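Features as listed in TrEMBL:
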- 1-29: region 'Disordered' (REGION)
- 35-124: domain 'Fibronectin type-III' (DOMAIN)
- 117-147: region 'Disordered' (REGION)
- 154-243: domain 'Fibronectin type-III' (DOMAIN)
- 238-264: region 'Disordered' (REGION)
- 271-325: domain 'Fibronectin type-III' (DOMAIN)
Amino acid sequence: AAAQPEELPLPSEKPQHEKHQTESPASEAPLVRSVLGQLRVSSVTPNSVQLQWSVPEGSFDSFMLQYRDAQGQPQALPIDGGSHSVTVPGLSPSRRYRFHLYGLRGRKKIDHVSTEVLTGTEEQEDLPLPSEEQKQEKLQTESLASDAPPVQAVLGELRVSSVSPNSVQLQWSVPEGSFDSFMLQYRDAQGQPQALPVDGGSHSVTVPGLSPSRRYRFHLYGLRGRKKIDHVSTEVLTEEPEELPLPTEEPQHEKAQTEAPATEATPARAVLEELRVSSITPSSVGLQWTVPKGSFDSFMLQYRDAQGQPQALPIDGGSRSVMVP
């Protein structure tokens with residue numbers, strides 16, 4: 001049976017009181033006590049929020065972020081235990097959200113922290129760059145940076161590392177200096193501005209929810225605090241819609257066929273291990289896999305959405321897990 005959406009268990013008042021209660025069972029086993037640090041907002045746009053936290057003591061197998069969307073429906077976002085930040089997309093402008101972060105061991109909630117965030121107004125977000133002024137703005141941002149040479153930071157070229165009908169993966173470098181964070185801006189298929197905050201330590205981002213056979217222009221900003229220091233852009237044409245090639249029957253037979261050509265080039269043979277479900281909520285699934293032999297340049301996850309439309313999600317070759325929202 002399909003999982004029922006889970007009710008958010010926390011009343012908005014007295015989150016600190018609950019924290020004390022959840023910590024007390026852990027104190028019975030002091031060697032495995034785990035504590036969540038404060039849940040902080042690292043960036044906010046009209047449509048998304050980036051949250052960060054620390055684990056000052058112990059460790060967790062995974063995290064779960066819970067909140068209610070603009071329609072009041074409970075949402076749950078599972079997060080890998082090694083992550084200490086998450087971006088929550090698909091929010092509404094000028095709206096107050098309350099986020100609850102749980103630290104889990106197995107399926108047991110060990111500790112909990114909360115925070116409230118007010119998303120930005122739509123006026124805060126304008127995609128300022130017509131293509132003809134792109135180079136002029138870059139010159140202006142570079143000249144500002146040159147006024148303070150000890151802290152100059154420069155963005156390298158914005159490159160497309162993979163593209164599918166519904167998503168694009170972008171990469172960039174920082175050949176000089178560093179940034180506190182990045183902001184990727186673009187217009188969706190309806191012409192509405194979208195902004196995706198990216199952690200300052202990341203040099204790649206996957207943009208989901210795009211439309212097939214459509215040209216998008218992406219603008220990446222390097223930020224110090226809230227100030228835009230440098231900017232690069234690129235254009236990407238998403239691929240045509242693709243039919244999912246795998247029939248539901250006899251997947252093992254097809255796998256044997258796909259492995260056969262690889263055996264002709266034995267030095268480069270690479271093998272995928274079982275695809276496992278690591279977490280599941282009413283609106284998302286976490287998947288994991290291993291590569292026991294060889295290596296792959298990249299991965300592609302394909303599935304059909306609730307409307308039966310094929311979806312394709314490109315994944316970096318170094319990854320062994322993906323969250324499907």
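In case you wondered, yes, glycine gets a Cβ from its N, Cα and C as well.
Keep in mind that TrEMBL annotations are predicted by a computer and have not been checked by a curator.
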Taken over the domain 'Fibronectin type-III' (154-243), the model's mean pLDDT: 88
DSSP helix/strand/coil residue counts for the domain 'Fibronectin type-III' (271-325): 0 helix, 31 strand, 24 coil
Helix, strand and coil residues within the domain 'Fibronectin type-III' (35-124) as assigned by DSSP: 3 helix, 50 strand, 37 coil
